[in-house]
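Enquirer: Let me begin by handing over the structure; questions about it come next.
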């Protein structure tokens with residue numbers, strides 16, 4: 001990746017400091033002054049509690065070759081003539097404008113992905129099914145907001161043919177902004193869950209926020225959504241492609257079979273069979289979004305199947321480990337909401353070959369005023385095939401309360417606040433006939449337990 005100074009001039013008012021050489025180009029765009037910046041452009045972002053302009057000397061010391069600079073900020077004399085400064089009204093807006101200019105220059109097909117759960121999984125699946133046909137680049141980590149997405153765009157190689165952008169939000173209007181910035185060719189909504197209920201209050205508002213992804217959609221663009229979700233009906237009625245298990249779906253999933261190595265399924269009406277090295281009906285649906293998107297871009301069935309077979313997911317998404325005494329550990333604790341926890345429990349229930357199935361469940365965050373009942377209702381998803389539940393955390397205790405209240409006394413339940421004590425209790429349960437699911441919000445850090453029971 002090389003970003004020419006001429007491109008930066010388009011979003012700047014003027015250049016001051018060291019004169020910019022005619023052929024000046026930057027190898028990367030960086031907002032963290034602590035990082036190695038060899039031949040990079042530094043962009044000092046202003047946040048609620050920090051101002052990147054204060055760290056320009058560190059950025060120059062670490063190799064920055066130029067910097068955007070808010071015009072009302074004084075430039076320290078110690079660095080004023082060491083690098084070119086591109087003056088702008090607002091560095092965050094300039095970062096966004098620069099990403100738009102670079103996106104036009106590279107001109108890839110853009111796929112935008114949003115949803116309450118499954119965004120990162122679908123992003124990984126899209127990369128898998130597209131990368132053996134196209135030069136593909138995707139959002140790294142959680143760079144999915146008004147700072148992160150522009151940085152993702154500015155990080156893509158100039159040879160990129162398909163750009164996969166994850167779009168996150170915490171309130172109304174945010175995905176609309178990201179969509180208008182990225183102007184996707186394809187937009188995917190994975191599902192509508194309960195994440196962000198604390199901010200948005202209702203699932204209807206969450207759906208409204210997610211549907212904003214169409215606001216920047218290119219003319220004749222494609223929208224792919226969860227066809228089983230009634231709240232997405234406005235999009236389905238206006239031509240979006242529905243994927244799911246309902247008879248009304250454009251791409252209907254049938255004949256799902258799960259084994260320890262993954263799942264197989266059929267997509268109707270074409271009667272096409274696929275295999276996926278992942279567990280869970282929700283992951284089958286996630287894979288169908290990626291299959292449909294790949295087909296819209298002209299990828300062959302053979303390349304799609306090859307991509308799915310070599311799929312590698314971001315860590316902590318139904319990640320499997322061998323536990324002590326030959327047990328199977330399933331780490332799905334990157335994040336959690338009621339929807340994703342119920343899906344994970346369904347996956348555990350469907351596993352074959354294990355006489356003991358233990359669910360280690362913990363706190364779910366950002367659920368708003370109904371958080372107690374949403375935790376307690378997890379009991380409804382605990383099937384008879386699950387032989388024990390261990391809850392962790394103060395909110396996790398509400399899951400245990402729900403099990404006891406809903407006549408699930410036949411499922412033994414242990415509750416812990418202390419994760420080390422939970423790990424000790426789990427150790428005594430593990431054998432080669434045992435499968436254990438770990439599911440909670442990221443902030444609970446269930447990996448503390450997993451490390452203690454991993455072989």
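Glycine too: its Cβ is placed from the backbone N, Cα and C atoms.
Residues or ranges marked as ATP binding site by TrEMBL: 115, 116, 117, 118, 119, 120, 121. Residues or ranges marked as domain 'Mur ligase N-terminal catalytic' by TrEMBL: 29-99. Annotation source TrEMBL lists domain 'Mur ligase central' at 113-294. If you look up TrEMBL, you'll see 316-442 marked as domain 'Mur ligase C-terminal'.
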Enquirer: How many other Cβ atoms are found within 10 Å of the Cβ atom of residue 115 (ATP binding site), counting all protein chains shown?
Expert: 27
Enquirer: For residue 116 (ATP binding site), just give me the three-state DSSP call.
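Expert: It is coil.
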Enquirer: Just to be sure I understand the packing, how many Cβ atoms besides its own are within 10 Å of the Cβ of residue 119 (ATP binding site)?
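Expert: Other Cβ atoms within 10 Å of residue 119 (ATP binding site): 22.
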Enquirer: Across the domain 'Mur ligase central' (113-294), what does the mean pLDDT come to, as a whole number?
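Expert: Taking every residue of the domain 'Mur ligase central' (113-294) together, the mean pLDDT is 96.
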Enquirer: Test of understanding: give the count of other CB atoms lying within 10 angstroms of the CB of residue 117 (ATP binding site).
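Expert: Residue 117 (ATP binding site) is surrounded by 23 other Cβ atoms within 10 Å.
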Enquirer: When a 10 Å sphere is centred on the Cβ of residue 116 (ATP binding site), how many other Cβ atoms does it contain?
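Expert: There are 25 of them.
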Enquirer: Compute the mean position of the Cβ atoms of 115, 116, 117, 118, 119, 120, 121, which form the recorded ATP site, and then list in sequence order the other residues of that chain whose Cβ is within 8 Å of it.
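Expert: Other same-chain residues near the ATP site: 113, 122, 190, 191, 286, 340.
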Enquirer: Determine the Cβ neighbour count for residue 118 (ATP binding site): the number of other Cβ atoms within 10 Å of its Cβ.
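Expert: Counting Cβ neighbours of residue 118 (ATP binding site) within 10 Å gives 26.
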Enquirer: Per DSSP, what is the residue tally for the domain 'Mur ligase C-terminal' (316-442) in helix, strand and coil?
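Expert: Helix, strand, coil within the domain 'Mur ligase C-terminal' (316-442): 50 helix, 31 strand, 46 coil.
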Enquirer: Inside 10 Å of the Cβ of residue 121 (ATP binding site), count up the other Cβ atoms and send me the figure.
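Expert: Looking across every protein chain shown, the total is 26.
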Enquirer: With helix taken as DSSP H, G or I, strand as E or B and everything else coil, how many residues of the domain 'Mur ligase N-terminal catalytic' (29-99) land in each class?
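Expert: Its residues divide into 19 helix, 19 strand, 33 coil.
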Enquirer: Work out the three-state DSSP category of residue 121 (ATP binding site).
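Expert: Assignment for residue 121 (ATP binding site) reads helix.
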Enquirer: If you count Cβ atoms within 10 Å of the Cβ of residue 120 (ATP binding site), leaving out that atom itself, what do you get?
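Expert: Excluding its own Cβ, residue 120 (ATP binding site) sees 26 Cβ atoms within 10 Å.
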